[in-house]
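What TrEMBL lists as active site, nucleophile is CYS2. As annotated by TrEMBL, domain 'Glutamine amidotransferase type-2' applies to 2-220. The domain 'SIS' feature in TrEMBL is assigned to 288-427, 460-604. Here TrEMBL flags LYS609 as active site, for Fru-6P isomerization activity.
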Amino acid sequence: MCGIVGYVGGRAALDVVVEGLARLEYRGYDSAGVAVLADGKLATAKRAGKLVNLRGVLEEDPPPAGTLGMGHTRWATHGPPNDRNAHPHVDCTGSVAVIHNGIIENFAELRAELEESGHGLASDTDTEAVAHLLEEELKAGDGLAAAMRRVCGRLDGAFTLVAMHTGDPDLVVGARRNSPLVVGVGEGENFLASDVAAFIAHTRDAIELGQDQIVELRADGVRITDFEGRPAEVKEYHVDWDVSAAEKGGYDYFMLKEIAEQPRAVADTLLGRIGADGRLRLDEMRISDRELREVDKIIIVACGTSYHAGLIAKYAIEHWAGLPCEVELASEFRYRDPILSPTTLVIAISQSGETMDALMAVRHAREQRAKLLGICNVNGSTLPRECDGVLYTHAGPEIAVASTKAFLTQLVAVYLIALYIAQTRGTKWGDEVFAMVQLLERMPEKVEKVLETMEPVRELARSLAGERCVLFLGRHVGFPVALEGALKLKELAYMHAEGFAAGELKHGPIALIEEDLPVVVVVPPRARDVLHDKIVSNIQEIRARGARTIVIAEEGDESVVPYADTLIGVPAVPTLLQPLVTTVPLQVFACELATAKGHDVDQPRNLAKSVTVE
Ligand code: M6R
């Protein structure tokens, strides 16, 4: 959710902070604000809406130049997205400013206490209470970091906090619990941010902050302690992508760039995982072969698009590894009574590694002593730290809110895991695993081929911009693809879109079919004759009732031609791998249709890239 930037060094802090906010805007765009400390005074500016509004304010009334600053881009939780609730928030004296990502769950109680002791709170936010609590704690005279430690001890919930105080004019303080915060280490300057993208133009050296840690950021150094003030163990790392990866690179939208990057992302995720002997090597898994052999059940937890990757994983795991596999929405998982044991493997899939629902599911599974494996795209995020092992996808930074390349690379990761388990447990012969791996290695080329043939899909999307509803049907792994196609259309085009298992149609949803209703059908490869023929019958059923059929089928599948109003051909690949090629036209379709409707596809309304609240 919200994006946070902090800076201290030799440059004009405002420029560094606003540039950082521009790179973090995907995290939330309800409002933006900055604070700069100059000549012993704090100056703040904030404005509801996207960063462009704040830029207007800063141009009209620039704050004094200072070399210490911080900025915030908000995804509203407490209080409507207006100027008043925009961060930073200040205390009664105007000498402390705070920005925050997360939710302070006991804020009502803290607010009441503060109001009773005479503090005037100017906003509806939970964050503002922190500014006033700091004001109280600073009276002890031991500085901002010590005050922050004591305040953190009083807070419940999830928070990343960054604060500045006129009494500590060369210091920015950050605190982290359950929300992301990374340090960028420069020369004579240092950075704080929710995501390395904010400072990647200045440094690729980063420090990952752990749970319940405080960072004191000065131009000449960084000190990290726990909430009790003890020096903390930290993990330094070098970011393996550069600023060009976080820029649009000539595309109108990040989403277009990220769709186009998919062949490379798929190839990168496979890289280094196949040994010279053809055997899979997943060293980062950190779950021993013995432990893997003992696993008797797999549960996958994830949200949104990552959940759809999990649904596809189930087919691959059960087919190749012969293990029962359940897939559960992470937000539901801990509210039932999942049966877990030390021989259960829980796989959490999350692009960002910061999705609170996924993290809470993982913590619940940990309490039940299950083994934990993460699939994650963001190095330095929370999920990998909380799992026994991790398989990183190498999609590179995904900035558009709608997930595209992260999804395809998650699929590659789950295929690798399923095959690795099959290899370890001996449910597939070595040569069978190798044959499948070879097919996987050809997938970048297949995805590239799909991308080369997308003009008719774009044309179709533009022609449907006036529709109110689109349905998506699939069977087997085509069902999660249908769900993903519908999710993309909902989040980008704000249209009613539903994905159904085609076999379920006759049990209710067929009543939705009316004259000219666009229905996208994902057809399995012809090699799966039973499945294939069943869905061809489903297409006929909906067409007979007037639906306008948009059929995605493998090239050369003549059997669907008579029933397809529009036919989108994809390269022939094995059934389990088909989502890698059938999802791409659906991404292009949603992106183009939303663009035709005039929507900003990188920042769809009401959404944020990583959902760090439950
Ligand atoms: O970072 P995560 O993979 O955990 O995010 C999960 C969902 O919030 C995410 O996939 C969301 O559904 C996307 N906006 C879909 O395009």
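The backbone N, Cα and C atoms fix where each Cβ goes, and this holds for glycine too.
No curator has checked TrEMBL annotations; they are predicted automatically.
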Euclidean distance between Cα atoms of the residue listed as 'active site, for Fru-6P isomerization activity' and CYS2 (active site, nucleophile), Å: 9
Cβ neighbour count (within 10 Å, all chains shown) around CYS2 (active site, nucleophile): 29
Helix, strand and coil totals (DSSP H, G, I; E, B; other) for the domain 'SIS' (460-604): 73 helix, 29 strand, 43 coil
Cβ packing number for LYS609 (active site, for Fru-6P isomerization activity), 10 Å threshold: 25
The domain 'SIS' (288-427): DSSP-derived helix, strand, coil residue counts: 66 helix, 28 strand, 46 coil
